[in-house]
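Participant: Found this in TrEMBL, in case it helps:
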- A:6-26: transmembrane segment (TRANSMEM)
- A:33-52: transmembrane segment (TRANSMEM)
- A:64-82: transmembrane segment (TRANSMEM)
- A:94-113: transmembrane segment (TRANSMEM)
- A:146-169: transmembrane segment (TRANSMEM)
- A:178-196: transmembrane segment (TRANSMEM)
- A:208-230: transmembrane segment (TRANSMEM)
Amino acid sequence: MKSLIETPVFAVMITFMVFYLATKLYTKYRFILFNPVLVSITSLIVILKTINLDYHTYFKGAKIISFFLGPSVVALGVPLYLQFEEIKKRGIPILISITIGSIVGILSAALTAKLLGASKTVVASIAPKSVTTPIAMGISEKIGGIPSLTAAIVIATGVLGAVIGPAFLKLTGIKNKIAIGLAIGSASHGIGTARAFEEGELEGASSSLAICLNGIATAIFTPIIFYIIYKLL
Amino acid sequence: MIQGLTIIFLFLFIGDTISNLFKIPIPGNVIGMILLTGALKFEIIKLKNVKPAADILVKNMAFLFIPPGVGIMIYFDLIKKELIPIIVSYFFSTLAVLFVVGKIQQALDKKNEKSN
């Protein structure tokens, strides 16, 4: 029995099953806390703990699913192309808002964590949390963080942005579709982008663009901001 | 579908190659996304050949984050030790980015529309 749950087939099957049920739950109730990614991750953690299956064994099988993250990021080039003209008209505003957003994201995460007493390793792991996992892990490693902890925080950030992003933006009076997409993509990368596509094609494409531009900006600014915070302040 | 996946994996491979060859800190998938947008724009790739596969990947992207997301369970002890700074900075910073990017873009875009 033990050996059966340790197979890749079990890991993939349970992941599909949990996500399928979580999606059904979400389409039925549309309650924001029932975000399918959030519900699936929480349920899978409970399931793994209950059946006593360690994460590494699970991931050895389930990583075949996340392998497709790479091609799916490439595939975002299609919606980006389809909305190219809409986005091009606002090239300069987009560059300005994303650059400032990137700096605000790194500074607010790093400074808040440091002021509240986080260790330097944790500050380094949390600083690049807004960008897509492979970029964030690379930055984290460069400045002395724990890349896999960063990956966990990045995904948690994505879930948070997807869950509260659209409602929070509505609450603060942000109605411009491109602004909504850029904000969600800048704050919560791919998971937010998946949510942004539910709002509309233009929101989703803007969010895809934000993943790309914010990823570049954050790769440039995080080491600089980290240096300023730890060496100059 | 197969044709679309072939194109997408080809661009991923080119992106990875560029990222590794020039030691750029930008991952190959993001470079691949930029190149694919360009290839569609300059009609090197036809939209109808890549769209069916791309639609399926994009529509189901959130699902692909689940296995690494479950990985947070191995950091529960570390996170518990520094729970307050992690949670507060994570919430505050996410809201700050949403607010700043949304507000600035909306303000600049309005100006843009008026001047046109």
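Note that Cβ sites are derived from N, Cα and C of the backbone, with glycine treated the same way.
Since this is a predicted model, take the numbers as computed values, not measurements.
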Participant: Look at every Cβ pair spanning the transmembrane segment (A:208-230) and the transmembrane segment (A:146-169), keep those 6 or more apart in sequence, and say whether at least 3 of them are under 8 Å.
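Facilitator: Touching, no - the transmembrane segment (A:208-230) and the transmembrane segment (A:146-169) miss the threshold of 3 or more Cβ pairs under 8 Å.
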Participant: State the residues, same chain only, that lie 6 or more residues beyond the ends of the transmembrane segment (A:178-196) and have a CB under 8 A from a CB inside it; answer 'none' if no residue qualifies.
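Facilitator: Answer is 35, 37, 69, 72-73, 76, 86-87, 90, 94, 97-98, 101-102, 105, 130-133, 154-155, 157-162, 165-166, 169, 202-211, 214-215.
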Participant: Under 8 Å between C-beta atoms and at least six residues away from its ends: which parts of the chain pack against the transmembrane segment (A:33-52)?
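Facilitator: For the transmembrane segment (A:33-52), the list is 5, 14-15, 18-19, 22-23, 25-26, 58, 155, 158-159, 162-163, 191, 194-195.
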Participant: Looking only at residues six or more beyond either end of the transmembrane segment (A:146-169), which have a C-beta under 8 A from one in the stretch?
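Facilitator: Residues packing against the transmembrane segment (A:146-169) from afar: 32-33, 35, 37-38, 41, 121-122, 125-126, 128-133, 136-140, 179-180, 183-184, 187-192, 194-196, 199.
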